[in-house]
Amino acid sequence: MANCKKLRLKDAALKRLLSVVVVTLLGVLLLIVSLRTNTTPGLSELDEDLSEITDIQSFSEKLNLPKQNEFSIRLAKINQMPPRNRDLYPKLAKDHITIVLYVHNRPQYLQVVVKSLSKVVGISETLLIVSHDGYFEEMNKIVEGIKFCQVKQIFAPYSPHVFPDSFPGVSSNDCKEKDDAGKKHCVGSPDQYGNHRSPRIVSLKHHWWWMMNTVWDGLKETRGHNGHILFIEEDHFIYPNAYRNLQLLVSLKPIKCPDCYAANLAPCDVNLRGEGWDSLIAERMGNVGYAFNWTVWRKIHRKAKEFCFFDDYNWDITMWATVYPSFGSPVYTLRGPRTSAVHFGKCGLHQGQGQTNACIDNGSVNMQVDDIDRVANIRSEWGVHVYDNQPGYKAGFKGWGGWGDDRDRQLCLNFAQMYHSYNTSLSAVTMS
């Protein structure tokens, strides 16, 4: 009898133990699912989905894009993942303006812009897309720490930083500096000044063009979006009133300046902070905090040939000197009389990483934010002051060079076609 009782007690204890184990395992599984849906996985955490890899490789081959290595393919897979923080912010505002942050490898700069964005009024209503020029772990960690809005990361899978020993990176038989290709038996075509390509430099223009095509025509979150999209960079300090001011500018633009192509958060001259007048300003389009819609993007996209063949490694100078002039009329932007964004960068786009060469005074930025910068300070009753004949890069400028290699120009053209029909001739799209 005693033995039977002992057996029953053991069976009961075993059942209780099994119940605890099953409940614990279910809890762990639920936690894993939750983390996967709300975080961007590190590169080591991605599953090797062979069918998806095949699709990506096939996509590249059809467009004559560079053959992707495993690293490039994994980045392309991350780009397809949904935004994070959807559990915190399940719905975007109906009239939200998506923000795209264009970054390279300056983590101290990125920390400054992220901190400033966290204080922007209305930031939780919108989607922030961070576009990386390749993959840098410290930059990725900073973005993964963002909790103030929905955020999606995309990584340029054809960045020269992703290809250490082949084009678009550095190939062993590439010409360097002012090499004579015939005498050196090397590969490459020089720019107008006789200099061969520098992968670190050409990546600036490649990244911007890839990002624009991807955001407007590739991502399901923004593809076909009719509203404005705001573009900022990692060395732009954003004031708390920037988003509300931008919403006002976008709503006023069709009424106050119907010929304006865009809205800007800052003056075209990055050294200015605004006039302080009771008036809106129409001037040439700037490169700090600029926003435009899909209609303008189509006009830009149709000028892919002009963009891709202009011998200057700077995307903004290329736009000012060849793309905008080709529109046939002045390209104005609308802004307020007081800046809502400031360019604080002091070094090149691929410098600044690390403590010793941070390019930020004392490793920080002390930007004065007055009370007027914390609330929307644009008035609908204001008129518009138009600046005519402003100084700056114009049609006729030949470019600073750095963009003479035929391979870079072809890759640029391929980016313009990568989200369009494979059966459509590239020349038909880019030369129209």
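Each residue's number is its place along the chain shown, starting with 1.
Placement of Cβ uses the backbone N, Cα and C atoms for every residue, glycine included.
If you look up TrEMBL, you'll see D133 marked as substrate binding site.
In sequence order, D235, H236, F237, A266, V270, V288 constitute the residues six or more apart from H343 (Mn(2+) binding site) in its chain with CB-CB distances below 8 Å. Under the heading Mn(2+) binding site, TrEMBL lists D235, H343.
Non-local neighbourhood of C186 (disulfide bond): N173, D174, C175, K176, D179, each in the same chain, at least six residues away, with C-beta under 8 Å from its C-beta. The disulfide bond feature in TrEMBL is assigned to C175-C186 (among others).
Within the same chain, the residues at least 6 positions away from C260 (disulfide bond) whose Cβ sits under 8 Å from its Cβ are K253, A282, Y332, T333, L334, listed in sequence order. Feature annotation from TrEMBL assigns disulfide bond to C257-C260 (among others).
Under the heading disulfide bond, TrEMBL lists C308-C412 (among others). The number of other Cβ atoms within 10 Å of the Cβ belonging to C308 (disulfide bond), over all protein chains shown, comes to 21.
Other Cβ atoms within 10 Å of the Cβ of D133 (substrate binding site), summed over all protein chains shown, number 25. Of all the disulfide-bonded residues listed here (C257, C308, C412), C412 has the Cα closest to the Cα of D133 (substrate binding site). Between the C-alpha atoms of C257 (disulfide bond) and C308 (disulfide bond), the distance comes to 30 Å. Spatially close to C412 (disulfide bond) yet at least six residues away along the chain are K205, H206, W209, A304, F307, C308, judged by Cβ distances under 8 angstroms.
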